[in-house]
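In what follows, a structure is listed as structure tokens, so that the remarks can point back to it.
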Amino acid sequence: MNFVLSLIFLALILKGVQCEVHLVESGGGLVKPGGSLKLSCVVSGFTFNKYAMSWVRQTPEKRLEWVATISSGGLYTYYPDSVKGRFTISRDNAGNTLYLQMSSLRSEDTAMYYCAR
């Protein structure tokens, strides 16, 4: 969690046309156990409100873990038991932004967090 900002550039080939998708995460930092943190991910390069979005994390041991998913309209959210009741995923479709509010943080939540389509 000590990595403050990560930037992901993905190149997609859609129907023979190259398209650049940008996902820019921010809000990371060092937090003591029991603390809270809110991450955000600003998206461009695709129609944000047409896709479900997720947060995933990579642990210090390089293990990938699914953290949360939200439906395209924001009505439905899904979490693994490990974060249920502590993490809240949300989205602002007008602002093309995905959020992850994390509370009651534990040492096992230490990871690099990424938004994903």
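For all residues, glycine too, the Cβ spot is worked out from N, Cα and C.
Residues or ranges marked as signal peptide by Swiss-Prot: 1-19. Marked as region 'Framework-1' by Swiss-Prot: 20-49. What Swiss-Prot records for Cys41-Cys115 is disulfide bond. The region 'Complementarity-determining-1' annotation in Swiss-Prot covers 50-54. Residues or ranges marked as region 'Framework-2' by Swiss-Prot: 55-68. Annotation comment: Swiss-Prot describes 69-85 as region 'Complementarity-determining-2'. The feature region 'Framework-3' is assigned by Swiss-Prot to 86-117.
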Integer mean pLDDT for the region 'Complementarity-determining-2' (69-85): 97
Count of other CB atoms lying within 10 Å of the CB belonging to Cys41 (disulfide bond): 23
Residues of the parent chain within Cβ reach of the region 'Framework-3' (86-117), under 8 Å, 6 or more residues beyond its termini: 1, 3, 6, 8, 21, 23, 25, 28, 31-44, 46, 48-49, 51-60, 65, 67-70, 73-74, 77, 79
Residues from the same chain, set at least six apart from the ends of the region 'Complementarity-determining-2' (69-85), whose C-beta lies under 8 A from its own: 49-55, 91, 93, 98, 102, 108-109
C-beta crowding around Cys115 (disulfide bond), within 10 angstroms: 26
Cys41 (disulfide bond): secondary structure state under DSSP, collapsed to three categories: strand
